[in-house]
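Participant: Quick one: structure below, then a few questions.
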């Protein structure tokens, strides 16, 4: 039957300390995973807002291009209208200048030109007014889209500030909780270290692992031709039965480090 031994108090305390340190490590791993998850949520939130802004920017860009195109058409129609008005004015002046002319055929041509210029003015005026009306409608639509975009950007900014403020607040709570948990476990380790006794741990180990009080007998010389055993090994007398050595040596104190403190019997005290 195999011989079993009880676990020493020192070993038990070491296992307890190791367990506490492993628990702290697991807490840090869980915290890291939590922070990575929160970072992923923040990235998803950022991408979501980015897509919303992109859609709004595309709508605003299309409205702005339509407005710019219609403005150009309106200005072109205005130039044509103004030119037709000048042509009509010139035709009227030509008719007035030729009022005393004796050539009726020439006067008829001037009247036809004047009538044609008046028709052209009316047509260009209608076209110009139509473009102005269309431009005003497009301008109203653009202004409405612009207001919606500004309101959306403002709402996004409020949402962004609120989201990141809450996220950072949560991060700080998680880090603070981790610090408290870690400090509680560290305090348990410090309390376990305060109960550490070098002499008791070594005495426990010796008492449970000892093989006897008497050292092994010396090996005697045996002559092959004379089987009688000599009383001493190679002419040397057996040594006396040595008792167990004296008091354990005292370890050196730790350096003058403000992070550590030692007292008599080397019990660690947390300050």
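Just so it is clear, glycine is given a Cβ too, placed from its N, Cα and C backbone atoms.
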Participant: Which residue range, 1-21, 22-42, is the one TrEMBL calls region 'Disordered'?
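Facilitator: Based on what TrEMBL states, region 'Disordered' spans 1-21.
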Participant: For the coiled coil (28-55), could you work out the same-chain residues 6 or more beyond its ends whose Cβ comes under 8 Å from its Cβ atoms?
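Facilitator: Apart from its flanks, the coiled coil (28-55) reaches 152-153, 156, 159-160, 163-164, 167, 170-171, 174-175, 178, 182.
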